[in-house]
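A.B. asks: Pasting the feature list from TrEMBL:
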{"type": "DOMAIN", "residues": "81-161", "note": "domain 'Cadherin'"}
{"type": "DOMAIN", "residues": "162-270", "note": "domain 'Cadherin'"}
{"type": "DOMAIN", "residues": "271-385", "note": "domain 'Cadherin'"}
{"type": "DOMAIN", "residues": "386-490", "note": "domain 'Cadherin'"}
{"type": "DOMAIN", "residues": "490-607", "note": "domain 'Cadherin'"}
{"type": "SIGNAL", "residues": "1-24", "note": "signal peptide"}
{"type": "TRANSMEM", "residues": "617-638", "note": "transmembrane segment"}
Amino acid sequence: PKMKEDNCLHAALICLGMLCYSHAITTEKLNHARPSLHGHHEKGKEGQVLHRSKRGWVWNQFFVIEEYTGPDPVLVGRLHSDIDSGDGNIKYILSGEGAGIIFVIDDKSGNIHATKTLDREERAQYTLTAQAVDRNTNRPLEPPSEFIVKVQDINDNPPEFLHENYHANVPERSNVGTSVIQVTASDADDPTYGNSAKLVYSILEGQPYFSVEAQTGIIRTALPNMDREAKEEYHVVIQAKDMGGHMGGLSGTTKVTITLTDVNDNPPKFPQSVYQMSVSEAAVPGEEVGRVKAKDPDIGENGLVAYSIIDGDGMDMFEITTDYETQEGVVKLKKLLDFETKKSYSLKVEAANVHIDPKFISNGPFKDTVTVKISVEDADEPPVFLKPSYIFEVQENAASGTVVGKVHAKDPDAANSAIRYSIDRHTDLERYFMINAEDGNIKTIKALDREEIPWHNISVFAVEVHKQHQEAKVPVAIKVVDVNDNAPKFAAAYEAFVCENARSNQQFITISADDKDDSANGPRFIFSLPPEIIHNPNFTLRDNRDNTASVLVRREGFSRQKQDLYLLPIVISDGGLPPMSSTNTLTIRVCGCDSNGSLLSCNAEAYILNAGLSTGALIAILACIVILLVIVVLFVTLKRQKKEPLIVFEEEDVRENIITYDDEGGGEEDTEAFDIATLQNPDGINGFIPRKDIKPEYQYMPRPGLRPAPNSVDVDDFINTRIQEADNDPTAPPYDSIQIYGYEGRGSVAGSLSSLESATTDSDLDYDYLQNWGPRFKKLADLYGSKDTFDDDS
């Protein structure tokens, strides 16, 4: 049916085009055809003569309909000149765009035909040139004339959208008429001719949720309160139709996917009214008890929920935090629980949205509450001491078995098991204390000394009788109370000096005391002389009442010759109850002083030298000692200067006294620059196996074939045989060894340094300078001197 409708439409358009064509030809012949009048003149308004060349025809344009599919070529128009008499002498020629290919002309009649189907969307017009010429001579009879052939549009192109699919977003619950997106279509037909390019938009799918404006293509919401939680995505089909939307117009469609974006229009809601949880009384603070979750159908930040505890008897014992990844409220323990004290708790938890949209505040409070009931489970707990720590006191020197104090622990469980006590011996290594295992009484085992250890810090264990793994530990500090059991003593080892010329009542020393006891049993110290010497004729004592005392001279005229040392006993008493005292002896030396009281000498022997050796005798003894020392020094010096000959020459073969210096080291004093291993042949290093000194375990029998003949005079064979026997004998200790220095290196440019070799060769070196080196080098000078010297000696 559609094809039939299109064919009918084409036929109607063709007929309309033919009518227009006939009318155009007729009008043109009537209005524009003129005879060829050459040389015609017209006079202007001001007398100016105008010349105009007359042509045989004048026209502007022809029209041809596009997409013609008839069997015959389409007649575009007819050209005719006034000079054409119809005798066939005039020939019409057509040139220009498409001439001869698309457009052909009958050279006799001047009819122009279109031989191909034209498409306006490909080319809207063609420019051609027509000319009339003499058929026989091809001489132009008229000047060429240009004209245009326009392709007349038909509605052959449907509208096309810019995109095949569109995607758009619009907030949920938007008001009716909210703009969503604008879609645009285009039509390739001629917008200036008819309604072929006049588009109208309509919606095919998506009602009643959305609508589209017919002229602009803007899609708008059509229903109020569209809920994303009910339906999030909509598929809308939009149609664009030409011909102003009338019947017969062509159309195109596009798909638009519209997504509702979320807004916070839903409050959180708990799925149940009560949550039941349980926790052990042994749980530690911070441990998770359980989780609650309020459901919010919104997403993103609109669905964020924060949890809080707003009421309940467990507000001080529990807390709640928000897990934003799972949107759950995490109930955690805040303080330690005690099953025996309270067995259950109740909490009122609130869940509220974090972000609230003011537009939807009328939808109600965006929060919800739920009740959380938490039951405490009994746990097997260790014993608990009544106090976190204990402090006791006991007097020092108390008798063994004295009670120090009592600790007490109980089983917090309902079973209330019996408790046994013990002392951690790592805290009481000296075993000063013991504890009653049943009642917790702590007693002393031996006497305590406050001056040695003033505090004892021990630990006491409490365990259940039937559950040994359940134990508790408490620190116990025991203070040793001081008793006055130490007498005061001198604070230092005093030694006083008094001048021989000291004046009466002159103070020469101040003493103080020290007491190991506590301050309550120590100062104030009282200093005094013993009753038997309270009237001491030489010295007297004055208590300064500040825990110090001053010793004074009672008389004048001390003499070191008569007595150079005095011992003064002093009694020191403390302030304890009962007080304790001790007698301390002060040593006083008599010294010689100058007039200012400065000490010169406290030595009493200077006055008794006459009783011993005289000064002359002492000098004689010292002189003898010095002489002896000088003799010893001279003897040692002469001993060191004694010279011995370097080489002892005897009347024997000189070969027995040759000392060979084969090395090129740092000289005779350099003992570290030469390595004996370098004398070995490096070609044999890899095969060298060092011998080990081991105790022989069996007797080695040499092979008879290795020994040389008895009368052999080949020393080299003899030595090689002995070396082979020694190397192959594992029982031979290395007492005797042979070192071979037969290798002097490869390619040495220095040559041999052997003195034996140099003695047998003609050398150009001059050794006469050895004669000037002294007697030590006389032998070398004789051996290596000049030939004249040898001749003289001979």
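Cβ from N, Cα, C; glycine included.
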A.B. asks: Give, as a single whole number between 0 and 100, the mean pLDDT over the domain 'Cadherin' (81-161).
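C.D. replies: Result for the domain 'Cadherin' (81-161): average pLDDT 84.
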A.B. asks: Any residues 6+ beyond the ends of the transmembrane segment (617-638) with a Cβ under 8 Å from its own?
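C.D. replies: No residues contact the transmembrane segment (617-638) from elsewhere in the chain.
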A.B. asks: By DSSP, what is the split of the domain 'Cadherin' (271-385) into helix, strand and coil residues?
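C.D. replies: DSSP composition of the domain 'Cadherin' (271-385): 10 helix, 56 strand, 49 coil.
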